[in-house]
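As written in TrEMBL, here are the features:
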| type | residues | note |
| --- | --- | --- |
| TRANSMEM | B:21-39 | transmembrane segment |
| TRANSMEM | B:74-91 | transmembrane segment |
| TRANSMEM | B:112-138 | transmembrane segment |
| TRANSMEM | B:150-172 | transmembrane segment |
| TRANSMEM | B:179-200 | transmembrane segment |
| TRANSMEM | B:230-249 | transmembrane segment |
Amino acid sequence: MNILEVRHIQKNFGKHPVLNDLSFSVPEHSIFGLIGKNGAGKTTAMKMIMGFLKPTGGEIRVCGENVAYGNTATNRFIGYLPDVPEFYGYMSAKEYLMMCGRITGLKRLQTSKRIQELLPLVGLDGIKRRIHSFSRGMKQRLGIAQTLLNKPKLLICDEATSALDPKGRKEILDLLSVAADQTTVMFSTHILSDVERICDSIGLLHEGKLALHGKLSEIKNTYRKEAVRIETLNEAQARRLLEHLHALSFIQSVERSQNAVTVQLHDPQKNGLKIIDVLSDEQIPIMNYELLEPSLENVFLDVIK
Amino acid sequence: MNGFTAFLRKELLEHVRNYKVLILLSVSAIFGMMSPLTAKMMPDILANVKVEGMVLKVPEPTFIDAFVQFFNNFSQMGMAILLLVFGGLLSQDLAKGTLIIPLSKGLSRYTVILAKYAAALILWTLSYVLAITIHYGYTLYLFKPISVGHLFFSLFCLWLFGAFLLAVLLMASVITRGTYGGLFVTAAGLGILLICQTIFRMDTFNPLKLVSENVALLTGKAEFDQLLNIAWITGALILAALILAMAVFKKKSI
Amino acid sequence: MTHISDYLPFLIPIIALELILALSALIHILRHRSFRFGNMFIWIIIVLFFQIIGPIIYFTIGRGEDE
């Protein structure tokens with residue numbers, strides 16, 4: 001079942017179209033990464049799912065129910081973490097979560113119990129300070145605790161890791177992976193390594209549309225380049241290798257930068273052996289030999305070219 | 001209902017921790033004590049001020065004079081402070097983006113307006129009642145009580161005007177953007193009411209009469225019926241302002 | 001003829017309240033030191049020398065965001 005379905009969404013700010021016929025769906029129990037450059041419309045799309053912005057056209061369904069602009073009942077299924085979450089600085093984390101829990105319809109006892117579970121999970125247990133003294137990472141973790149209060153079916157995190165240092169980013173990503181055991185996560189970012197780390201499917205937002213949409217592993221397979229990278233000990237050897245490789249028929253292209261040679265070839269598993277033959281015949285020692293995996297970054301750059 | 005109580009609780013906590021309660025309660029207590037005292041001390045104060053060598057003769061102040069001072073203080077300084085204290089009532093929440101998470105948790109937008117109004121009204125009512133209590137105690141002690149007409153209604157009129165001001169402020173904050181937008185629009189609205197009253201003499205419907213006729217009510221010089229009408233009209237205006245605020249806020253991009 | 005000093009018992013609570021307002025504003029200024037506009041020196045002057053209205057202005061529009 002699809003938790004979220006976005007159909008033909010259109011959004012103009014003035015005359016400038018931000019989203020243009022955007023459609024995608026997120027199946028249950030997946031971690032969906034929405035990728036795009038800054039200003040591609042990720043936040044706009046998420047705000048429309050929350051009913052905070054009115055789409056110029058199209059429809060959005062959450063758990064099979066239509067999202068209505070303004071007061072939308074579909075928000076009871078969703079936990080939302082905005083890109084820069086703003087809290088009431090004069091409250092403590094516990095007070096804030098208590099307020100959120102009550103708003104979302106939990107009973108006082110249920111909320112207390114849930115807070116007891118969540119505070120240790122996000123590492124804010126026993127912190128009695130007011131929120132205005134929290135660091136960015138702490139606020140982000142409090143933001144995640146807040147989203148999980150009512151055990152949402154869909155967790156939407158907007159740029160949850162962008163403003164954080166590497167340690168803070170890892171903490172948030174780990175939290176999201178844990179959360180994904182019980183819910184569906186949709187998470188936007190422009191940091192590709194974060195997506196590779198936890199997402200199982202992705203959508204690439206480019207020029208108001210999804211330029212790419214599907215399972216991460218499948219996308220990587222489709223964009224697999226058949227390439228090998230060989231590092232020699234010094235530049236002279238690399239230059240020599242380059243000359244010999246040019247002579248081989250199955251090689252599509254060869255490039256050298258300093259002592260590394262990148263080779264594009266057909267059927268690298270079979271023909272790769274022939275390269276190794278060349279290496280041993282010519283007595284060229286190597287430091288490293290690897291089959292190149294397509295990185296999301298390459299795919300990304302390829303698609304938006 | 002859960003949402004309303006939770007958000008009302010948050011509003012009240014905000015008023016306490018952001019010093020709004022401290023300000024309003026202490027100012028009310030000061031006004032309550034100061035009004036009768038100023039009235040009582042007026043002859044002595046003026047006796048010390050010599051104008052061109054002449055000593056001003058002032059008649060002995062009365063019970064009514066204490067109320068003159070009280071209404072003066074509250075209708076001018078009091079209302080200004082009320083506006084200042086609650087100026088960011090909704091604007092601040094909107095400008096800082098702090099409403100996004102509560103709204104995403106399913107808080108109804110109507111509830112936001114109603115809870116904010118309720119919290120402000122509770123605080124205004126508490127401060128006003130405190131001021132009246134202190135004022136009345138001091139006045140009874142310092143002056144010989146005389147019987148006055150419509151004392152309760154006169155005090156109620158001023159309270160109602162405060163409630164009106166808060167509703168207008170909330171509505172103005174929904175319509176405008178920025179932290180002080182609501183405050184400016186409300187101030188402008190008051191200016192228009194003032195012009196209507198002083199220049200065009202539009203008296204029959206003007207809520208401003210609720211804060212200008214209080215003493216006249218006590219001495220029986222004001223038309224009770226007309227003021228009662230204005231009180232009803234103001235009540236209707238409060239309701240209208242709140243409904244408009246809710247309707248506009250429902251469709252506001254956050 | 002009465003003198004202003006005769007009313008002292010009545011004036012003391014008023015002065016006390018004004019002091020409470022001024023002092024809480026002063027403490028807040030010294031502890032937070034962030035303002036929406038103006039600097040610490042100006043706000044200390046305002047809070048201490050403008051009774052009642054000084055602290056109110058500080059708390060309502062002068063003090064900075066809680067950071």
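Heads up, the Cβ atoms here are built off N, Cα and C, so glycines get one too.
Cβ atoms under 8 Å from those of the transmembrane segment (B:112-138) belong to residues 4, 7-8, 10-12, 15, 20-21, 24-25, 27-29, 31-33, 35-37, 66, 70, 74, 82, 86, 89-90, 93, 99, 102-103, 155, 158-159, 162-163, 166-167, 170, 174, 242, 245-246, 249 of the same chain, restricted to positions at least 6 beyond its ends.
Contact between the transmembrane segment (B:150-172) and the transmembrane segment (B:230-249) is supported: at least 3 Cβ pairs lie under 8 Å, counting only residues 6 or more apart in sequence. Outside the transmembrane segment (B:21-39), and at least 6 residues removed from its termini, the chain residues within Cβ reach (under 8 Å) are 15, 61, 65-70, 72-74, 77-78, 81-82, 85, 123-124, 126-128, 130-135, 138-139, 142-143.
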